[in-house]
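J.: Reproduced below are the annotations present in TrEMBL:
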SIGNAL    1-20  signal peptide
DOMAIN    40-136  domain 'Cadherin'
DOMAIN    137-245  domain 'Cadherin'
DOMAIN    246-353  domain 'Cadherin'
DOMAIN    355-465  domain 'Cadherin'
DOMAIN    466-569  domain 'Cadherin'
DOMAIN    570-689  domain 'Cadherin'
DOMAIN    683-748  domain 'Cadherin'
TRANSMEM  766-790  transmembrane segment
REGION    885-913  region 'Disordered'
COMPBIAS  896-907  compositional bias 'Low complexity'
Amino acid sequence: MVFLSSMWLVVAVVFVSVKCNVIEYSVDEERAPVILGNVADDSNIEMEAPPSVLSNMQYRFLSVGGSDENSYLSSFYIQNNTGTLSVKSKLDREALCLYKNTCVLSLRIGASSGAYFKQIDVQVTVLDINDNSPEFSKNSTSVPISEDSNINSTFPIISAHDKDIGLNSKLSYNLVPDSGVFALDVDDSGDRTQVSIRLKQKLNREAAAEYQIYVIASDGGNPLKTGRLIVNIKVGDINDNDPVFTQKNYNVTLMEDVAMDTVIVNVNATDSDEGKNAEINYEFSSLEASSSQFPFSINQQTGQISIVRKLNFAPGKAHQVGVRAYDNGYPSRSSLAMVTFNVIDTNNHVPEIAISQLLDGKIPENSKKGTVLAYVAVTDRDIGLNAKVQCSIKTDGPFQIQKLIEDDSRGDNSFNVIVSGSLDRERQIEHVVTIECNDSGSPQRNQTSSFIIQVQDQNDNPPVFSHASYNATISENNRIGAVITKVTASDADEGINAQVYYFLEPRVANIFSVDPNTGLVKANVRLDRESNETITFIVYARDGGSPKYTSSTVVRLKILDENDEFPTFRQPNYTFTVMEEESADTYIGTITAYDNDTNENGKITFAFASQYHRIDMPFTIFPYGEIRTKRPLNREVEDQYKFDVVATDKVYLPNWQHYKKISHLSPKNSLVATIEAHDIDEDKNGDITYAIVRSTDVNLFHIDSFSGKIYLSRHIETADIKKYELYLSATDNGAEPKKTGARIVISVEYTETANQISEGIIGQNVLIAITIACVTVVLSLAIIVTIFLIRRVDTQRKHKGLPHQEADFQIAETLQLQGKKSCLTKDNPKHPTYEINHLPSSDVKKEVSFSMDDHRSDHRDSGIFMIAPEVSGGGNPLSTKYSAQLAQQMGHHHSPPISDPSRSSSPDTQHEELHRMASIRLHQKLLHSYNKPLVYHPDENRQLLLMKKGVEDTRSDGSGEDSLLRSGQDFVIMLLLKHYCYHDSKLTSGSDDVMVSIVTVVKLVIEVQSLANTRIDLELWN
């Protein structure tokens, strides 16, 4: 407390005494803070209660009801655990006990500890200090005195009053100034002090018509305090008779519930004078009559006293009020009378109930019987039987009221409310206790009052699971942290006593975990149904109270099967025998396998391996593993068969598939692929976890369970270059997880390094160089042999005298080739090529004819004609019209004019012309042939379908042989040019150079042989 340090400064003024079990303390008013004493020590409570009760003793003020108590109780303070009583704020005795000679404040303190209770009554006497000055009811008064008044005549004036008591209120009066004309007479022999002005000498109105004097009232306190009254004296005519009351004392008896404005008494006075001197007025002379709470009023003219406010006088006691009667004469004369009021009790008050809760409105539910809950003080402002009160509890509950003391003289009653039975907070959290009190008056009056008592929880209930057992399921190969189930337990207690914490039995603590607050049971490992299909374990719930209570429940977990086991043959190889020539559908044997999965996942079907699907196997295998023949077998054809059988269980069907290629050079931990799944739920229900359900190689790949990224787990070996199937799952984290699947095929492919590529290119170039060298040698030999054969043929013809022949070279081809520009035409613009794409084409072949019957000596090229073959039924041979058009076009550019056929020439001239024309036409033919090479080139997707060459002699003569010989020589030379130009252009094409060179050599040899012989037909397919 903030005021304890200063209490010891004033503790010496406190006086303590104990009378009739009432502790009395005395303290000066206007002093605070002040320690009054320790009620525990002063009441000798340690002599009554054992130490165990004293250690938990609590002290508190008890309300006794009434408005007076409320005015001062807040000025006191008591320490709950020690019982030290003190004044914490100043006490004003005059405010608390106005007009009372003694000021005693009653306090009631309750000492309680469990079922022990003691009422301690304390009376605190507030001692007066001289803190009030004497007061007159008004500041000034007028006193008329006749000039013929006799010496020692007295004239009454109002007296002063001091709110203090004792010496502090003992007043003395002085007259200021002391002129010798007036003196003061003070009569304090009665209940009231009478102050009068006494005339000391005769007055002369003509000398002084008015006087102003001061009456000083001084108290007896220390320091002395004073009050002043101004007295105005007017010297007037004679008014020599005082008003006289018909009786000096009036006794009035009235009921305390008298109605307002009721006239209760009429005082009366008479005056023997006449006129104004006989007119009498009435007023209350007591200072208390000026209080706003004064219940009476007096009519100034008639003297009737009536009730204007509710009586605040205690019944059974007399109350006196002074009445002054004064006339209107000059000087005015007055007299006093006393009115005594006797108030009779009429049982007009209901009992006033004041409840003091000793446990702050809270009680533990395990409180014992007899525990005091509250102190009840009942006050009835009536007296006698009207104030005698009986109380009872009117509500249901384990409570009882006990009467402590009954003091009829004081009219108050004290009770305790105690626990009379057991309390159960879980059944009723709070109780409203209603107390009814009835007095013994007639008519009987009663009053009720209630208070609320809250039952505080004690840990007297164990947690209770919502189910005695829980059945849960989860798929095997679950993700770590997957939710299995949620257990829920509740505790009927409250607060920390109702806080439930969950834990598992130690046996499964490594396999499962439970959230201590939510009860979510999760898997710490991946479960395997094949190892254990059902797991039963115990989950405990413990509250947070003291002592702690624990309960348990059983969780039965069934592990659902996933297709994670491969079928296994019961033996690695099966050997069956069958006799040959047995009929079809002969039983061979049965293959068996087992799968540790269950239901559909464990159902196995048998089939031949995929490589046998395209082979007409002589056997049939049924899905259940039985093998039978499809046809009779012949041992001489095949004496044994070896084949593979595949056992397949339920196929895992993913929702989507993907194909991915990676290089065998990919490093470890490199990203292979990323899968993404989306869940429209929120929070944990939308969080997705990825997993590899099945894989061809479980050690080569792994997946990030949060991002869905697939990584290489190790370096790829040569044996790992193949395809892999990964079956993936995406699972959300909801209480009941949802799952979807995916399949990805990852192909590990071989990738050549830069060194391997460079070594391959170098080796290929070397091979090309060797091939070209070989081809060149072979070609040279072929040319030499060809020249020799041509010369030999020409020589033979000369000796035989063969006639002149006109050679027609026909070339048949059915090709669809892209034209290329010749190296000859590129460098020699004098020999242009002709486009023939605008001519009508035939369905089968095109024939090009070189005509040699033009005998002109002009050194120009002859015409080229496209002749369609003869076809049966709907063929379209090339018409003369198109031949003429082509001849005209050619003649326009290079062809010489055609001479008359009758025109003669010499044989030498004809042979020379023949040689020139054959050379020119052969050159053009070679250029045209080079623009359409007769080879198969894989890069250009070309194929030679058919090549046919024919050389037919129609006629021959001696001069034609030389021309033909020269023509053949030019032909060989042109073949060489064609070969080198074509080969030079193809060296840059890449990988097929060797094949191109070989095909070119073969073609040249065929052309040479065609020239050497009269007619050779050759069909070449590539």
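Note: Cβ is positioned from N, Cα and C throughout, glycine not excepted.
Can you walk me through where each of these features ends up in the structure?
T.: Under DSSP, residues within the domain 'Cadherin' (40-136) fall into helix, strand and coil as 23 helix, 35 strand, 39 coil.
DSSP labels the residues of the domain 'Cadherin' (137-245) in these numbers: 4 helix, 52 strand, 53 coil.
Residue counts for the domain 'Cadherin' (246-353) under DSSP, helix first, then strand, then coil, are 8 helix, 48 strand, 52 coil.
Broken down with DSSP, the domain 'Cadherin' (355-465) shows 4 helix, 59 strand, 48 coil.
The average pLDDT computed over the domain 'Cadherin' (570-689) stands at 86.
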J.: Under 8 Å for C-beta pairs, could you tell me which stretch among 40-136, 137-245, 246-353, 683-748 has the largest tally with the domain 'Cadherin' (466-569)?
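T.: Result: 683-748.
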J.: Against the domain 'Cadherin' (355-465), which of these stretches has the most C-beta pairs under 8 Å: 40-136, 137-245, 570-689?
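T.: Maximum Cβ contact count belongs to 40-136.
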J.: Go ahead and report the DSSP secondary structure tallies for the domain 'Cadherin' (466-569): helix first, then strand, then coil.
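T.: So the counts come to 7 helix, 48 strand, 49 coil.
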J.: Looking only at the domain 'Cadherin' (570-689), how are its residues distributed among DSSP helix, strand and coil?
T.: 11 helix, 35 strand, 74 coil
